């Protein structure tokens, strides 16, 4: 095989690999810049008799027996029972059954179990209990079971579940279709010939090939290598690629940046390098999201309210008024059916599902639907640098080019491009040629006579060419600063060396990598002859530039109240320079402060204070990113984390909202809650705004649902106690059904997003709900009192009722109360959805249309609902008109109640909340730090998990029927996951102790 050619490092490179240095080093070591790299590990052998190692995962990946990553190649082929001719199709099929597909399996769920999960929460349990009461306990007194209420309740449950299931299933299918469309391909040798297959079908022992631009499809050992350079930024977060030779391992998900190679697959799927890193990516099965916590608390409020009044009814109605068993049971059913916001989980689920589809239009694919609600409340966005804030593509910084001879900066770039490959380029050659703007200029006007590519000994490239315009022979070289200056015999001087050293140091402090360029002319026509001596003509600065839209995105995020912090595995100086260019700030710290804490006597008293103040952290490993997110959450922040590599997966999973940017690895996409399909971060701003719109819809509904609960239970309990008024349970079902149908349209309602992060202040929601609920109760009670205690309406408008004097349980009175409750309760949504007067914020056409249809149906039912089993009789148009006017009169002051609450009780609650938050902050600053508990997003409790559609019993049942599954690894594997970064950093710091000061 041709020898492997490593990529060309700049003298300041902190992240590339290099071969061992030669014995002769330049005299001035301060000008010799070694690049970061991995020390070569010698081949190993099996720790046990190889004949005892069978072709199965338990043996091949037991590192106490053998390490397939470092074992000699001949032994690797023996253990994998294969050769360089590849496997047969039959053997590959057999191995696919043994090792499974080459992908990180996502948990799938049986559709029927998913449907049932919508009926598994305390709110649904109460309704299911009410159904059992109607069918099983409502016997006696010569009456049959209450079939009508039973069927109505079951129908209501099924309608809500069906809508939620349909919307969520649609959202899930959309994501699955996207992921399927992103399925990578692999070139594999089967039955002795090459073919292309889905990389998911690869198995250990397969022979694969890849070339420049390809994604490495599985962990493999190279059997052939031609100038191979692999970009492992997705694994390490570092900018420059690594050179690979025969026998080296290439990791699944890394990218081939140069050359072509063949290799044997040693591990697939969950056994790959980043497959094993899945230990932090969703360790907990019984976890719940932030929204489930809120649902639990709102549900508790409703259940406690209902429970109190149910107990009071039992205590009052039976002993005091001697209610019969069946009559009292019907009154209790009214409270259970009417008070439970049975549609709440479904309404919120539909709102989120519709919101997910809207976000998809902005190229943001939601993989965990409740992450939308959490994104609305995010206060801190932790962003990876390489490939996220930056392009992950090296570029020449034209503004900082240094010149030392008679040539201009543009001419220096042109000369450097001459000394670069135009095909099969490494990262630096590509950046130099790209700086020309037109690749053809790199060979225009010259005739190539000789080209020496970069090699780890000379550490430079060199071209000899004939200039077509003059016919002269010329030579250009570019490469490591210390090497190039030693060649420059024509203009080398102490003054020039000092200037060059100062320029290189300036680049280093700004995180720029230096590339020196020199030039000489040749006398005669022998292109192999010595020239007249090299002359240093320029110094190029190489860096990974920010994406074009990143600065605007960060500004937009700050305007939305979201602070952005950079968290990168790259060098501190590079992180600071990137921060300055983006306007992010340069208050950045090395990762070691996360362990050592702030310096004594510094401006930060605690580590938490330092983390909050920092603009970012550099040189971090996966566990550092995880720790940063964890501490920020411990300080009470909802945290979003962006990333694209497998090394970001643990923090993506830990964050409240993990965001995988465009081009992310399978591991990052699997750990993320939102997957971006468009480059850059601008999509995140759209997603934040969209999530806040969705949040407002959910908050509006929550106030409405709680208010209706108070309104139903208090109203009908008071009427029962005062007048022994027995409202028919079936009519409450009708109210609930029409309400739910109308409220579903809130998922597309027009609302304005907040300019600050949203949060669930449940005290506010409950305060508004109680105020609205009691006011609406008053509107109904006063109407009933006027009808029962006077003949005002009969005398004034000439209307009549069936009984005279009016009986509290007059069937027409039931119809009047039904219509009054149905209309004004539903109209409340127009008050809760607006911040000002209800008529100042136009609702969506869907909401307005649904409201009008529901009220038309309610009015028709009130007029013609002569159903014997409902204890209701149709009323005249006069009564319908009276009820409408009555409701309009009572509706108008609702806005004033809202304003009065906002400037009294709500204002007081907010002041108290702010004072408590300030006290907590002071307490934290005086302590050693915050407790590292999972207080947000993933924190679980039994009660909260009951509101998750993916509850634990559903998961267990799904696994019993063959669905789902988690990847689990030992804790020491996580350490190994970042060992490559730690090893590289440790070796470099050992060679350059001065850099530890950074």
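Including glycine, each Cβ sits where the backbone N, Cα and C put it.
TrEMBL annotations: computationally assigned, not manually curated.
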Could you tell me which of the ranges 298-320, 367-389, 390-412, 413-435 is annotated in TrEMBL as transmembrane segment? 298-320
Between 678-700, 701-723, 724-746, 816-838, which stretch does TrEMBL give the note transmembrane segment? 701-723
Per TrEMBL, the transmembrane segment among 76-96, 97-117, 118-138, 181-201 spans residues 118-138
Between 48-64, 150-166, 218-234, I'd like to know which one TrEMBL lists as transmembrane segment. 150-166
Would you mind giving the whole-number mean pLDDT across the domain 'Cation-transporting P-type ATPase N-terminal' (67-139)? 81
At a Cβ cut-off of 8 Å, and with pairs 6 or more apart in sequence only, do we get at least 3 pairs between the transmembrane segment (769-793) and the transmembrane segment (877-897), yes or no? yes
Checked against DSSP, the composition of the domain 'Cation-transporting P-type ATPase N-terminal' (67-139) is 42 helix, 2 strand, 29 coil
